[in-house]
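Chemist: Following this message is one structure expressed as structure tokens.
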Amino acid sequence: MNRRDFLLAASAAAGGSAAASGTAAAQQGNASGGGGGNASGGGGNASGGGNQSGGGNQSAGGGGGGGGPTKTVKVGPGGSLKFEPETLSLPTGGKVKFVWESSGHNVSPSNGDWGHEPIEDKGFSYTTPAFQEAGAQEYVCTPHESAGMVGTIEVGSSGGGSGGGGGEEEPSPEEMGVPFQAHFVGIATILMMVLSLVYTFFVVKYGESPNAKGGD
């Protein structure tokens, strides 16, 4: 085989590899896009169902799809005059569910439009709206404020206080950017092209004998 034929064959092989890799990457992107669309569609249907079931109990305060975790604060556990935990760390977008474990309490915030002012009995629960702004949200039980029944929600803290349910999950690699499979396809394509060029260079420069094209 002379130089020209070899170069044509090597170029065709490299081009075919690049085209196949590009097709695989495109298929992967389409698959990811389709999955995301279906998931978001399902989420829309779920929120519609939530709106239909609203009204009635006070737990409707957390309606709608927020995306953040919901953590629990016990109100008067064991008949005590305290909130447990007294200080709760909550990421932005999270909610807090207050569960009454004894009677005669309320949740009155120092500022903001959340909270439950009526006095409630054991077994009642109230879920706040999602907290979208970072900062400290302080609240008290109005009848027992003088006894030290106060609490704080630290919004924007991902540590999570004791007793809170549902901590934040680490985002998957696909949520952080390009899917891993597409990375591998791109890297493999570049390596194949570089190896083809290096191999072609050495064969053309050193691998052909001066008598390779001759007759007898």
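Here the Cβ of each residue, glycine as well, is placed from N, Cα and C on the backbone.
Those TrEMBL annotations? Automatic predictions, nothing curated.
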Chemist: Which single residue out of His105, His116 does TrEMBL record at the Cu cation site shared with Cys141, His144, Met149?
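Modeler: Matched candidate out of His105, His116, per TrEMBL for Cu cation with Cys141, His144, Met149: His105.
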Chemist: Can you name every residue in this chain, apart from His105, Cys141, His144, Met149, with its Cβ inside 8 Å of the center of the Cβ atoms of the recorded Cu cation site?
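Modeler: Counting only non-site residues, the set is Val75, Gly76, Leu81, Lys82, Phe83, Gly104, Asn106, Val140, Thr142, Pro143, Glu145, Ala147.
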Chemist: When a 10 Å sphere is centred on the Cβ of His144 (Cu cation binding site), how many other Cβ atoms does it contain?
Modeler: 17
Chemist: If you average per-residue pLDDT over the domain 'Blue (type 1) copper' (76-155), what number do you get?
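Modeler: Computed over the domain 'Blue (type 1) copper' (76-155), the mean pLDDT is 95 on the 0 to 100 scale.
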Chemist: Which ones in the same chain are close to Met149 (Cu cation binding site), with CB under 8 Å and 6+ residues apart in sequence?
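Modeler: Spatial neighbours, sequence-distant, of Met149 (Cu cation binding site): Gly76, Leu81, Lys82, Phe83, His105, Val140, Cys141.
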Chemist: Return one of helix, strand or coil for His144 (Cu cation binding site), based on DSSP.
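Modeler: For His144 (Cu cation binding site) - judged by DSSP and reduced to three states - the answer is helix.
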Chemist: How does the domain 'Blue (type 1) copper' (76-155) divide up by DSSP, counting helix, then strand, then coil residues?
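Modeler: When I sort the residues of the domain 'Blue (type 1) copper' (76-155) into the three classes, I find 9 helix, 37 strand, 34 coil.
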